[in-house]
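What Swiss-Prot annotates here:
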type	residues	note
SIGNAL	1-23	signal peptide
DOMAIN	25-84	domain 'AFP-like'
SITE	Q30	site 'Important for ice-binding'
SITE	N35	site 'Important for ice-binding'
SITE	T39	site 'Important for ice-binding'
SITE	Q65	site 'Important for ice-binding'
Amino acid sequence: MKSAILTGLLFVLLCVDHMSSASQSVVATQLIPINTALTPIMMKGQVVNPAGIPFAEMSQIVGKQVNRAVAKDETLMPNMVKTYRAAK
């Protein structure tokens, strides 16, 4: 229970810290194996080219699985996350 609360708190702090960085994309902080459910600790916001999933939408992909292995420091693209739909 405590770890779930701490994970949630970390997620909120990460989002608040990066809310003003609209041009950032979600980037993997570690190797993410295929079919792994994403957690906040696995991701960070970073300005990259080409742009991937906007960091502002990170909360939408937490808990979703990746459909292929994602390398450390690789940008998460919309087609890499199962059932991800971009915000309109």
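Yeah, the Cβs are placed from backbone N, Cα and C, and that goes for glycine too.
Swiss-Prot feature annotations superimposed on the structure.
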| residue | record | DSSP (3 states) |
| --- | --- | --- |
| Q30 | site 'Important for ice-binding' | coil |
| N35 | site 'Important for ice-binding' | coil |
| Q65 | site 'Important for ice-binding' | strand |
Helix, strand and coil residues within the domain 'AFP-like' (25-84) as assigned by DSSP | 13 helix, 16 strand, 31 coil
So how many other Cβ atoms are close to Q65 (site 'Important for ice-binding'), meaning within 10 Å of its Cβ?
-> 16
Nearest by Cα to Q65 (site 'Important for ice-binding'), of the recorded sites Q30, N35, T39, is N35
So what pLDDT does the domain 'AFP-like' (25-84) average out to?
-> 97
